[in-house]
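Annotated thiamine diphosphate binding site per Swiss-Prot: HIS75, ALA116, HIS117, SER118, GLY148, ALA149, ASN177, TYR284, GLU366, in sequence order. Positions annotated as Mg(2+) binding site by Swiss-Prot, on the basis of sequence analysis: ASP147, ASN177.
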Amino acid sequence: MTTELLDRILSPADLRQLDRRELKRLADELRGFVLESVSRTGGHLSSNLGTVELSLALHYVFDTPHDRIVWDVGHQSYPHKILTGRREGMAHLRQQGGISGFPKRSESEYDAFGTAHSSTSISAALGMAVASRNAGVQRQHIAVIGDGAMSAGMAFEAMNNAGVTPNINLLVVLNDNDMSISPPVGALNRYLARLMSGQFYAAAKNVGRAVLQHVPPVLELARRLEEHAKGMVTPATLFEEFGFNYVGPIDGHDLDALVPTLQNLRALPGLQFLHVVTRKGQGYKLAEADPVLYHGPGKFDPAVGIQQAKAPARKTFTQVFGQWLCDMAERDERLVGITPAMREGSGLVEFEQRFPQRYFDVGIAEQHAVTFAAGLACEGQKPVVAIYSTFLQRGYDQLVHDVALQNLDVTFALDRAGLVGADGATHAGNYDIAFLRCVPNMVVAAPSDESEARLLLSTCYEHPGPASVRYPRGAGCGAAVGEGLATVPLGKGLVRREGRRIAILGFGTLVQAALGAAGQIDATVADMRFVKPLDRELVLELAARHDALVTVEEAAIMGGAGSAVLETLAEAGVTLPVLQLGLPDAFIDHGDQAALLAGLGLDAAGIERAIRARFGALLA
């Protein structure tokens, strides 16, 4: 693959030196480079193949980094990164010490705002626009947001606020990759986009509105006629009701449409809204045919595509959950499965196929997902909310106010708890223990392996109140998983290994690492199973017959399971040395999960080192 033009682009300033006729060729080179690069490292592919032309056009037209571009979610920002001087860094994308898979302010001045969670771009760009206005700085502010992210309430909250904010420059680009434009409509839309984004049209519309303001009935008639005319070839004028000048839809892969339209919009003050239609996987037929499969692939050969992987020897926790959900739904017809746009990631594909009437993908709407579950529970249903730990943060008020306060029977299956690897700090599920254990009525369970995951899911489901089960990304230790739906006593742990002098209290999958360390120092190991209700009896019994305790968790130490143990000891008046091991008060960057844990001293060797360093005298 030749990259003659791409080789000349070290920054957007170089891009803007090109003749516009060269952009199509550059787009082909950039798309080919994205495909080759991601196939070697893994990462998000379909979305990035779909934003090549849009990225080129934005940096070609706008004066970045002076003008601000905010990429919503950000997993579609690889072309942007390549065009802004990080082409060489793509070789280590999402690897420890390498560049992030998302925009990151500390990585480049072109990353105006850090993103990874959805629907934040318009709010951030609006804040920047107001700051520029207040400082007397003339610049453009662009929020690029996908059709999925646009469905979330936060995006509409931002547009509502923008509509009453005077004297700002804000362009929202809706990257719509869930529809297509037929050639005839596309040609007409391209013409209309140029017309509606032009200064004459904008000026004429504003003058006409000012004149007709004195004749309200005529103004209303003119407004309706304009909406009717545009409605023949464009979506409803919802966005104009927020005060935006709506333009589009136009083909997001047609640079001859994108560039002049953006140039026109750049010259217009105020609120502008450009609707572009793109195709996920554009230019790579395999990804076009199955954009979900190629959404976030690992390494693969582009010539043959992603091959069917051999069944792994060990099940992932997501698979264990998915099978449990189907089995429990077979037994209990009250069970309802809910996910906020994470069907594949949370393991609900089979559940949707088998129980379509009881499956609800509510879209990127975590707040709604939680309160929707609360409403179901009020009427005797048994909702299970399958959600990533990091995304539950977005529904926290609803969890407290709508579920826990009313003690409603809702089960939360928290996937990606702890470190998540390549996605990094933005997706890490490090905080759920701390923010859940302080909520009255809430149960917090942390299984140590696949078998325990099934047991604790059943236990929490049968509990008549709010409950959560947290489990990590990836495979477990290979524990055999039964087919039954047995439960265990709520709030009771068990001793997995008897030792001397030191007892390790493990919460979650780090119990396995604790067992490895204990074998070297002859320590007792308890699988605590529950952070809340904590097995107070077991904690005090272990404290009574050991000289020191160690708590281990893949979660934030501050406010975590170790804190619960310390609170129990203090309440009982027990004075005993306690070593807390877990995630530090810091955001952990991206990298391999196992390597990150080892670097934090949370593998077997690291746990042993920490215990020897703190309690060496007890081991002599």
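Glycine too: its Cβ is placed from the backbone N, Cα and C atoms.
Here the structure is a predicted model, which means the values were calculated and not measured.
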Could you check what DSSP calls GLU366 (thiamine diphosphate binding site) once collapsed to helix, strand or coil?
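The three-state answer is helix.
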If we check Cα distances from ASP147 (Mg(2+) binding site), which of the binding-site residues HIS75, HIS117, ASN177, GLU366 wins as closest?
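That would be ASN177, nearest by Cα distance.
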Long-range neighbours only, meaning 6 or more apart in sequence with Cβ under 8 Å: which ones does ASN177 (thiamine diphosphate binding site) have?
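For ASN177 (thiamine diphosphate binding site), the qualifying residues are SER47, GLY50, GLY146, ASP147, VAL277, THR278, ARG279, LYS280.
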Return the single residue from the binding-site residues list (HIS75, HIS117) that has the minimum number of other CB atoms within 10 Å.
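Across HIS75, HIS117, these binding-site residues, the one with fewest Cβ atoms within 10 Å is HIS117.
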What is the Cβ neighbour count of GLY148 (thiamine diphosphate binding site) at a 10 Å cut-off, with all protein chains included?
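For GLY148 (thiamine diphosphate binding site), the count of other Cβ atoms within 10 Å is 18.
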Other than its own, how many Cβ atoms are within 10 Å of the Cβ belonging to ASP147 (Mg(2+) binding site)?
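Its Cβ has 15 other Cβ atoms within 10 Å.
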Where does GLY148 (thiamine diphosphate binding site) sit in the DSSP three-state scheme?
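DSSP assigns GLY148 (thiamine diphosphate binding site) to helix.
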If you draw a 10 Å sphere on the Cβ of GLU366 (thiamine diphosphate binding site), how many other Cβ atoms land inside?
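There are 27 of them.
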Under DSSP, is HIS75 (thiamine diphosphate binding site) helix, strand or coil?
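For HIS75 (thiamine diphosphate binding site) - judged by DSSP and reduced to three states - the answer is coil.
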